[in-house]
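Annotated in TrEMBL:
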- 24-48: transmembrane segment (TRANSMEM)
- 39-287: domain 'G-protein coupled receptors family 1 profile' (DOMAIN)
- 57-76: transmembrane segment (TRANSMEM)
- 96-118: transmembrane segment (TRANSMEM)
- 139-158: transmembrane segment (TRANSMEM)
- 191-215: transmembrane segment (TRANSMEM)
- 236-257: transmembrane segment (TRANSMEM)
- 269-289: transmembrane segment (TRANSMEM)
Amino acid sequence: MEENLNVTYLILGGHMEVEKYRHIYFIMFLIVYLLIICSNCTIVYLIWKHQNLHEPMYIFIAALLLNSVLFTTNIYPKLLIDFLSEKQIISYDACLVQFALFYSLGFAEFLLLAAMAYDRYVSICKPLQYPTIMRKRTISIFLALAWLLPACQVASIAKMCANEKLCSFTLTVIFCKNTIYKLFCVTSKAITTFGLVNLVCFAVFPVVFIIFTYIRILQICYHSCGEVRKKAAQTCLPHLLVLINYFCLFMYDVITIRLEYDFPKIPRFIMTLQLIVYNHLFNPLIYGLKMKEIYKHLKSLICQDKMH
């Protein structure tokens with residue numbers, strides 16, 4: 001679209017028959033968003049409230065779930081507005097902010113998962129050194145780095161994108177992500193290179209590190225008693241499920257743009273929904289039901305509400 005009062009607007013053209021199903025979309029996404037907020041915040045509240053959950057493992061889980069709340073809040077309110085609007089548009093500046101938050105919080109999830117893997121590694125492989133290694137200060141540093149490092153790097157890319165000349169004003173998606181690169185008149189090698197460096201640093205390296213720590217954990221557990229193997233399975237399996245699911249979805253998103261493969265509209269729409277729904281909706285269920293201590297407090301909270 002042309003400029004209005006020096007503001008450039010983009011068309012979000014990835015919606016599927018929004019004119020026909022706008023109210024159904026709105027109700028469905030509102031329910032999903034409320035479920036994500038309520039479920040994630042409930043687990044975070046339980047971890048904050050109960051002293052026996054003030055351990056590194058649970059603090060990292062709370063941080064991961066809080067990251068999900070921030071991630072979805074960056075996407076869902078705008079989506080809900082678009083479903084009820086005649087035109088699905090967004091200003092270029094707002095699009096860059098959404099793009100920056102999407103990737104900084106997405107990369108933060110990988111770093112938080114890596115911190116959780118390290119915590120499990122120290123707990124299982126070096127139990128005697130655990131209290132001295134995983135101190136409160138160490139946890140605070142891990143959390144700060146997980147959120148601040150990607151935010152600074154992605155913000156730099158967003159600033160570079162702001163200076164690029166646009167030759168197209170229609171995005172093939174329902175929210176702003178790296179498809180904005182296709183709007184540029186000339187593909188920027190600097191942005192492409194910087195983006196790949198960020199991908200390697202904040203997605204590939206953390207996943208390689210997590211795989212390495214799990215191999216070490218499996219080696220230790222193989223030579224340990226049944227109780228150690230049971231503890232490892234209870235704490236590591238949910239973590240592994242979350243990582244595999246999130247990494248596959250995230251890599252699909254990046255690879256399809258980098259290879260410039262023109263995905264059909266319906267499959268692209270479905271895969272985009274998976275990226276913003278599955279992990280953030282199922283994370284609290286996985287951690288709430290699979291983690292014994294959290295489940296115990298969750299069950300107590302539900303029973304207490306029923307009594308009242």
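First residue shown is number 1, and so on along the chain.
For all residues, glycine too, the Cβ spot is worked out from N, Cα and C.
Below 8 A, the CB atoms of the transmembrane segment (139-158) and the transmembrane segment (24-48) form no more than two pairs separated by six or more positions in the chain, fewer than 3 in all. As a whole-number mean, the pLDDT of the domain 'G-protein coupled receptors family 1 profile' (39-287) in this prediction is 86.
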